[in-house]
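Residues or ranges marked as transmembrane segment by TrEMBL: 12-30. As annotated by TrEMBL, domain 'Plant heme peroxidase family profile' applies to 41-349. Residues annotated as disulfide bond in TrEMBL: Cys51-Cys134, Cys91-Cys96, Cys140-Cys345, Cys223-Cys255. What TrEMBL records for Arg85 is site 'Transition state stabilizer'. Per TrEMBL, active site, proton acceptor is recorded for His89. Marked as Ca(2+) 1 binding site by TrEMBL: Asp90, Val93, Gly95, Asp97, Ser99, Glu108. If you look up TrEMBL, you'll see Pro185 marked as substrate binding site. Sequence annotations record features per position, and here TrEMBL assigns heme b binding site to His216. Feature annotation from TrEMBL assigns Ca(2+) 2 binding site to Asp270, Asp278.
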Amino acid sequence: MDGTLEITEMGLLVLPVVFCVLGYFGDFMCEKPKWFGQSGQLQFGFYSGKCRDGNGFQRNVEDIVKQKVKEKFSSDTTIVAALLRMQFHDCFVNGCDASILLDVPNGEKTAPPNLSVRGYEFIEDIKTEIENTCPGVVSCADIIVMATRDAVVESDIKKMGTGWYPVQTGRRDGRVSSAQNVNLPSPSIPVPQAIAAFSSKKLSTIDMVYLLGGGHSVGVAHCGLFENRLYDFKNTGNPDPAMNTTLLKTLRTLCHRNSGSPNSANLDQDPLKSSSVDKSFYEQIRLGNGILEVDQQLAMDPNTRFPVARIAGSNDFSFQFGRAMIKLGAVDVKIGRDGEIRKKCAAVNSPNRSSGGKFFNLFG
C-alpha cells in the first residue's frame, strides 16, 4: 500500500460488545473484561488515575487521544488507513514499541516499506498535548494503539460507535530502531507464507484474516503494486484469472501498461464503504474484486476461504476485528525497564540512540 493506505473464537456473546460501545460515548473504563483476556502485563485502563494536570485535576488519557483523533478525522479521513498501517508496521518489527517513530540514522523510517508511512506528526501532536497535561506518564507506543482504535471508530459511516474495542495499555517505548530489522511480507506473498509470518508473532490464521481484511478495508494502492495482475501475471502474458473481468477493464483504463502511473485504486471496491473499517472488503474479494494479489488469494486459498466467507456473512466483524487488534497490540511489547516513556516520540530520552531493508509489504 502506498502513503494513503493506510495499506479466536467465533460465536461470542453480543452483550459485552454493546456494553463497550456505550462506553465510547461516556467515561466508561473497561475493567479488565475477561471476554477479551489480558496479554502479559498490559492492562485495560492502565492510565486510569495516573494522569493529573498542573492543577491536580485527574485527566482521562483515552479521552484526550479520542478528541485529538476526532478533530484530525474531521479534516483528513485518510488518517484511519494511515494509523492502521503505522500500527501494523510498528508491531511487526521489534514489537509494539513505537520504534518506527524514531528519527535516527538508518532507522525503521528509512526502510523501503516505511518510506510512505505517514501520520508521524499527528502522533507527535498527541504526545505533545499529553506531555503538557501530565508529563512522563504515557508512552508513544500506547498512543499509536489508542489513536488507531479511535480512528477505526471514526470511520464508522453510521456513527454508531460499533467499531469501538477496548485497548490494553502499559507499553514502554523502545530504544532501538534499525532499517535492517524491517522484514515484512510482500503484497504478492502466498497465503501459507503469510500465515507463517503471522504465526511467528503468535497470531493465528483467523487473526491474520481479520487484520489483513480490516486493515485493507480502507485506503488505496498505487498502480505499480498490482499492474502485473492486469497484463502479465506471473510472466504468463495474461491477466490474473482470479480478477473479476469488469474490475480488470476498469483498472486497465486507470493503469496503462508500463506507464508508471501515479493513479491508485481503493482496496475496498464498494464505493460506499471504501473509507469504513467493516466487512465490505470480504464481500468484494469473494466477487473477485481484490486489488492486491494476497487480498484476492484470501478468498481462494483453502486455509482462508471459509473464514472469509463466514466474515462476509457475519454480524460481528467489529467485535472480532477488535479482538485481533488487541492481540496485535500485545506482540513483543516492552514493559518496565525494557523500555522508557519518551519525552518526544521521535527521539529516545538518553544519548545512547541506536540505529540501523526489505520491501513494500502487505500492510502498505
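Note that Cβ sites are derived from N, Cα and C of the backbone, with glycine treated the same way.
Structure coloured by features recorded in TrEMBL.
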| residue | record | CB count, 10 Å |
| --- | --- | --- |
| Arg85 | site 'Transition state stabilizer' | 31 |
| His89 | active site, proton acceptor | 22 |
| Cys96 | disulfide bond | 27 |
| Ser99 | Ca(2+) 1 binding site | 29 |
| Glu108 | Ca(2+) 1 binding site | 28 |
| Cys134 | disulfide bond | 18 |
| His216 | heme b binding site | 34 |
| Cys223 | disulfide bond | 19 |
| Cys255 | disulfide bond | 24 |
| Asp278 | Ca(2+) 2 binding site | 25 |
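Reported as a whole number, the C-alpha separation between Cys255 (disulfide bond) and Asp270 (Ca(2+) 2 binding site) equals 19 Å. When Cβ neighbours within 10 Å are tallied across all protein chains shown, the highest count among the recorded positions Cys51, Val93 belongs to Val93. Within 10 Å of Ser99 (Ca(2+) 1 binding site), counting C-alpha to C-alpha distances, fall the following of the recorded positions Cys51, Arg85, Cys91, Cys134, Pro185, Cys223: Cys91.
It is Asp270, among the binding-site residues Asp90, Asp97, Asp270, whose Cβ has the fewest other Cβ atoms within 10 Å in the structure shown. Apart from Asp90, Val93, Gly95, Asp97, Ser99, Glu108, the residues listed for Ca(2+) 1, the same chain places the Cβ atoms of His89, Cys91, Phe92, Asn94, Cys96, Ala98, Ile100, Gly174, Ser177, Asn181 within 8 Å of the centroid of those Cβ atoms.
Between the C-alpha atoms of Asp97 (Ca(2+) 1 binding site) and Cys91 (disulfide bond), the distance comes to 7 Å.
It is 11 Å from the Cα atom of the residue listed as 'substrate binding site' to that of His89 (active site, proton acceptor). If you take the C-beta of Cys345 (disulfide bond) and look for same-chain residues 6 or more apart in sequence within under 8 angstroms, you find Ala98, Leu101, Leu102, Tyr120, Ile123, Glu124, Lys127, Cys140, Ile143, Asp173. Cα of Val93 (Ca(2+) 1 binding site) to Cα of Arg85 (site 'Transition state stabilizer'): a distance of 13 Å.
Cα distances from Glu108 (Ca(2+) 1 binding site) to the recorded positions Cys51, Cys134, Cys223, Asp270, Asp278 are smallest for Cys223.
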